[in-house]
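Asker: Dumping what Swiss-Prot says about this protein:
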- ARG28, GLU85, LYS124, LYS451: (6S)-5-formyl-5,6,7,8-tetrahydrofolate binding site (BINDING)
- 220-377: domain 'TrmE-type G' (DOMAIN)
- ASN230, THR249, ILE251, THR254: K(+) binding site (BINDING)
- 230-235, 249-255, 274-277: GTP binding site (BINDING)
- SER234, THR255: Mg(2+) binding site (BINDING)
Amino acid sequence: MRSPAPSLPDIIAALATAPGRGGIGVVRVSGAALAPFARALTGREPKPRHAAFTHFVDAVGKPIDEGILLYFPAPHSFTGEDVIELQGHGGPVVLQLVLARCLELGARLAEPGEFSRRAFLNGKMDLAQAEAVADLIEASTVVAARSAVRSLSGVFSDEMHRLTDALIDLRMLVEATLDFPDEDVEFLENARALERLDAIRVKLERVLERARQGALLRSGMNVVLVGQPNVGKSSLLNCLAGDERAIVTDIAGTTRDAVRETIAIEGIPIHVIDTAGLRETADPVERLGVERTWREIARADVILRIVDARVGPQPGDDAIDAALPEGVERITIFNKIDLCGLEPARLQHDDGVVIQLSAQLALGVDLLRSELLRVAGWHAHGDDVVLARERHLVALRDALTHVVAARSQCGALELFAEELRLAQIRIGEITGEFSSDDLLGVIFSRFCIGK
């Protein structure tokens, strides 16, 4: 079970807005008994949940800035502790002065994710919801952001709690019967235990598939464009991105370094990487670009092998194909079909899918977008998906393995009950009901400072 919240008497403070200049900057403070802290900082008594225009003053009462003071007494705050927010002007110098004054008054700088960690430890949110805070901040598409909001509101956690409740109910029945070994078989039949177990398995499979879709929304996939020089890799990147991000010329070898662009296809972030043309070259700069291309290929989820449709695959293309890593999805692109009379098409060949298109005229590019979604395994609707992380997928897969194992142990209730217990623990790790301090440290250390 989750450990009781430790005593956290210290006060933490941090900038809650991004570094740089802006119209407004926010300093957030959390801790115990912050009313005297607010009085020392503003010279006035803070009123709970009331926006007060005031001066923020230094140790001798000299104004540092003026702005809005918000005071949220415990437990009705984000962290469950007293929280104050100081909303002032968004200049980096003045914000640092306000933050320094907070430190003078006894606060310390918050660690990354410490506000969210305190919210979790004080029961204001579970671990999946806390992770959704970071995912919402980092969301790169509208669909991903909306899915993160659903996770933050507890939709994903509610599913985990329903699965946990079903496992607990079944465990209670099993363990209550362990004192009567002669009735094991009758119990399983009369309590419809296997029926209940099968229902849990079906629910787990559905949740796992939705989590896979959510993980795809969160992380997207890396797509690397490879091919010989001047086959239209940069033109294809620009076409997909809708912008001239890569230099396009008739001179072979123009792209010397990887050019990255993230595009959204039905809300899925697709990280497209245009690379240097793969060929033998004496140019040391171009040769360095080719070496970087191979490093990008090693990290690819999908490789788009670009070929000039006017001439088809060349001997150099065979060498490239032979050197590509095994197990990585490949799509062959016949580009420049507008120059040779071919029509846009998706063709299934023995060695994989071929897309005929013209990047220059944007003909057939929708076929490529659809193929990328198919390869990614995306078949959900954004409104049904909640964001998930790799650790969620691992926990759900493990829980499913234990549920399946329990089905095979229906003749031995002790083993049956143990598999149910292990499945419950794995699901509980998602919401933080069962979590080690090491896991919490890793998760919250990846948050930004002010959350």
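Here the Cβ of each residue, glycine as well, is placed from N, Cα and C on the backbone.
Mind running through what each feature is packed against?
Answerer: ARG28 ((6S)-5-formyl-5,6,7,8-tetrahydrofolate binding site) carries a strand DSSP state (E or B).
Its own atom aside, the Cβ of ASN230 (K(+) binding site) has 19 Cβ atoms within 10 angstroms in the protein chains shown. Secondary structure at ASN230 (K(+) binding site), taken from DSSP and collapsed to helix, strand or coil, is coil.
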Asker: Taking the binding-site residues one at a time (ARG28, LYS124, LYS233), which has its Cβ surrounded by the most other Cβ atoms within 10 Å?
Answerer: LYS233
Asker: How many other Cβ atoms sit within 10 Å of the Cβ of GLU85 ((6S)-5-formyl-5,6,7,8-tetrahydrofolate binding site)?
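Answerer: Counting Cβ neighbours of GLU85 ((6S)-5-formyl-5,6,7,8-tetrahydrofolate binding site) within 10 Å gives 19.
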Asker: Work through the binding-site residues one by one (ARG28, GLU85, LYS124) and name whichever has its CA nearest to the CA of LYS233 (GTP binding site).
Answerer: ARG28
Asker: Would you kindly give the Cα-Cα distance separating GLU85 ((6S)-5-formyl-5,6,7,8-tetrahydrofolate binding site) and SER234 (Mg(2+) binding site), rounded to the nearest Å?
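Answerer: GLU85 ((6S)-5-formyl-5,6,7,8-tetrahydrofolate binding site) has its Cα 47 Å from the Cα of SER234 (Mg(2+) binding site).
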Asker: Please report the distance from the Cα of ARG28 ((6S)-5-formyl-5,6,7,8-tetrahydrofolate binding site) to the Cα of ASN230 (K(+) binding site), rounded to the nearest angstrom.
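Answerer: Per the Cα atoms, ARG28 ((6S)-5-formyl-5,6,7,8-tetrahydrofolate binding site) and ASN230 (K(+) binding site) stand 53 Å apart.
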Asker: List the Cα distance (Å, whole number) between GLU85 ((6S)-5-formyl-5,6,7,8-tetrahydrofolate binding site) and ASN230 (K(+) binding site).
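Answerer: With distance taken Cα to Cα, ASN230 (K(+) binding site) is 55 Å from GLU85 ((6S)-5-formyl-5,6,7,8-tetrahydrofolate binding site).
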Asker: Taking DSSP as the reference, which of helix, strand or coil describes LYS124 ((6S)-5-formyl-5,6,7,8-tetrahydrofolate binding site)?
Answerer: coil
Asker: Neighbour count, 10 Å Cβ-Cβ cut-off, for SER234 (Mg(2+) binding site): what number do you get?
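Answerer: Cβ-Cβ neighbours of SER234 (Mg(2+) binding site) within 10 Å number 24.
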